[in-house]
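Lifted from TrEMBL, the feature list:
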type	residues	note
TRANSMEM	6-27	transmembrane segment
TRANSMEM	39-59	transmembrane segment
REGION	95-120	region 'Disordered'
COMPBIAS	96-105	compositional bias 'Basic and acidic residues'
COMPBIAS	106-119	compositional bias 'Low complexity'
TRANSMEM	127-147	transmembrane segment
TRANSMEM	159-178	transmembrane segment
TRANSMEM	190-215	transmembrane segment
TRANSMEM	227-251	transmembrane segment
């Protein structure tokens with residue numbers, strides 16, 4: 001496999017991961033009817049990063065498919081924001097209605113422990129969900145690479161563009177700082193209500209994206225042009241593993 005095809009495959013795998021990155025968290029919120037595990041700062045800063053990415057795509061007049069993909073990322077962020085608003089309002093309304101009955105219901109408020117059947121069903125569902133995500137991501141990587149190879153796509157090196165660099169470094173800072181509120185919140189919530197799958201997909205997406213850049217060329221000028229994306233992806237991988245280490249640590253307590 002040539003370096004250009006290897007770069008394309010890794011890039012498409014990264015794209016596939018990002019397409020479904022928020023799906024585990026959206027499903028987790030839906031199952032819990034709550035977004036208490038998410039730090040609002042994490043979501044809002046992430047949205048800002050995706051909006052800057054969309055603006056940069058539009059500004060640079062990249063392929064229409066890339067603009068659509070950037071808009072799709074923003075739409076997934078908006079779903080998370082909608083869930084945060086919806087479930088928070090629903091929780092406040094329920095709490096207001098339950099306050100007058102709390103004392104009377106307290107002796108009977110203990111929830112039954114989940115049955116072995118429900119736990120087994122949850123495990124099977126998780127396996128099926130993860131398998132479907134894996135197959136989807138791999139399919140995007142293979143299909144995208146095959147189509148590029150048949151079409152003879154071979155992008156020329158992108159020249160230095162100040163506007164693109166400003167947006168690249170801006171989104172890099174936003175994506176890096178987005179993890180900080182979530183890491184701090186996890187110290188309080190012990191990752192309850194947070195989907196580990198979202199950070200696994202994010203780590204894979206950033207790793208493969210970084211690898212796709214380096215697989216294409218190690219020319220100093222090429223590295224300089226892509227430095228913001230290299231730093232951003234590498235930094236996000238580190239912070240994603242910080243979050244995943246929190247999952248592992250709190251699972252043992």
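In case you wondered, yes, glycine gets a Cβ from its N, Cα and C as well.
Nobody curates TrEMBL annotations by hand; they come from automatic prediction.
Same-chain neighbours of the transmembrane segment (127-147): 5, 8-13, 15-17, 19-20, 23-24, 27, 197, 201, 204, counting only residues six or more beyond its ends whose CB sits under 8 Å from a CB of the stretch. Two recorded stretches are said to be in contact when at least 3 C-beta pairs lie under 8 angstroms, sequence spacing 6 or more; the transmembrane segment (6-27) and the transmembrane segment (190-215) meet this definition. Same-chain neighbours of the transmembrane segment (159-178): 41-42, 45-46, 48-49, 52-53, 55-56, 59-60, 224-225, 228-229, 231-232, 235-236, 239, counting only residues six or more beyond its ends whose CB sits under 8 Å from a CB of the stretch.
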